[in-house]
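Report on the structure given below.
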């Protein structure tokens with residue numbers, strides 16, 4: 001049975017929040033709890049199974065896609081950037097630090113992987 005609905009959530013710098021939906025989309029809400037946008041509509045991006053979400057210091061949204069085994073960055077302006085496209089078996093959680101690190105919980109390998117966010121974006 002296909003499950004839908006909210007899965008992971010992250011606060012956004014503007015007082016709003018970001019929510020991933022099981023086998024669906026990632027939605028961005030304003031501080032008033034009104035829907036601001038859906039990432040698939042805004043960017044024309046198709047998710048497999050969006051899981052963990054976080055927002056970096058620049059306000060960009062990072063999404064782990066469990067099915068596609070990737071982590072994408074969605075900047076406020078511009079096209080999405082695939083930050084990690086190899087080496088992940090089942091990325092389910094993401095977090096970024098103020099020191100430029102990206103942490104990815106990979107439940108397929110039972111570990112947390114750490115990436116240098118600055119280097120990844122330059123390659124993107």
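Placed from the backbone N, Cα and C atoms, the Cβ positions cover glycine too.
What TrEMBL lists as repeat 'NHL' is 44-77, 88-118.
Under DSSP, the residues of the repeat 'NHL' (88-118) split into helix, strand and coil as follows: 2 helix, 18 strand, 11 coil. Mean pLDDT, taken over the repeat 'NHL' (44-77), works out to 95 on the 0 to 100 scale.
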